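Novice: Under the heading active site, proton donor/acceptor, TrEMBL lists His144. As annotated by TrEMBL, active site, schiff-base intermediate with substrate applies to Lys171. Residues annotated as 3-dehydroquinate binding site in TrEMBL: Glu47, Trp48, Arg49, Arg83, Arg213, Ser232, Gln236.
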Amino acid sequence: MTGKVTVRQTTFQPGTTKIAVPITGRTSEEIIIQAKNAIAHHPDVIEWRIDYYQDVLNTDAYQTTYNQLREILADTVLLTTFRTTGEGGEAALSEAGYTSLYERLIENQLTDMLDVELHFSDAAISKLISRAHQYDLKVVLSAHNFQATPTEVEIAHLLNRMENQNADIAKVAAMPTKFKDVLTIMRATATESEKMTIPIIAISMGDLGKISRITAPLFGSVMSFATVGGASAPGQIGIDDLRKEMKTFETK
């Protein structure tokens, strides 16, 4: 059993891995410049890391920046992410603040996909996912561990929790301390992707985990993150290099 999700003209399914490029500008001008540079390399997804954006809570400024961004992206998928400090992000928000921000993005349809962090309460997550689905937006439910890699059983539990929360895509990212950790996340993903009804994004971070970004199609991860300019996470690879290397491992 393998999951499949289509957003705009892009389909996420095991065997073929889509490339996402994060943009991390702090000002509207930086965001637009980064977006133009990224789009020139034809990614499948632009991830807008709004935890970097200094006007993220300014409704009018956000709308103006989004309008410019959408024009540049055309039909490229926009994944919007507020990564909290506890998950390796640039800014902190309370659960109430996070939920309020995301509800505004959903109700004004200011994205195609939202990254929602699993550490928030089940009630908050359920509310956001239900609301997003009312507006036909897709949700990536995510968990990040920058200290260590969970066991296979723990990774499977995380992924199953995400599926049970009605996420559209489940995402796990973890930092390896030894190469065996890289194999752990790859093996867990390969096993669970055959059982689950939703696609999985799985990343082993850092230099040690780079192989997981390149071989993502082999073990069932449907999205890999690449750079055009600066990286937003340890171990990210330049988009042109990633695309070239990853094609070797595509199974569809």
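The count begins at 1 with the first shown residue.
Cβ atoms are placed via backbone N, Cα and C, with glycine included.
Unlike curated entries, TrEMBL annotations are predicted automatically.
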Novice: Just checking: which of Arg83, His144, Arg213, Gln236 have a Cα that is within 10 Å of the Cα of Lys171 (active site, schiff-base intermediate with substrate), counting only these recorded positions?
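Specialist: His144, listed in sequence order.
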Novice: Which three-state DSSP class does His144 (active site, proton donor/acceptor) fall into?
Specialist: strand
Novice: Kindly assign Arg213 (3-dehydroquinate binding site) to one of the three DSSP-derived states: helix, strand or coil.
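Specialist: Assignment for Arg213 (3-dehydroquinate binding site) reads helix.
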Novice: Which residue among the active-site residues His144, Lys171 has the fewest other Cβ atoms within 10 Å of its Cβ, if you could check?
Specialist: His144
Novice: Near Trp48 (3-dehydroquinate binding site), which residues of its own chain have a C-beta under 8 A away, given they sit six or more steps off in sequence?
Specialist: Pro22, Ile23, Ile31, Leu69, Leu78, Leu79, Thr80, Thr81, Thr111
Novice: Over all shown protein chains, what is the count of other CB atoms within 10 A of the CB belonging to Arg213 (3-dehydroquinate binding site)?
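Specialist: Arg213 (3-dehydroquinate binding site) is surrounded by 22 other Cβ atoms within 10 Å.
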Novice: If you run the three-state DSSP split on Lys171 (active site, schiff-base intermediate with substrate), which class comes out?
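Specialist: Where Lys171 (active site, schiff-base intermediate with substrate) sits, the three-state DSSP reduction gives strand.
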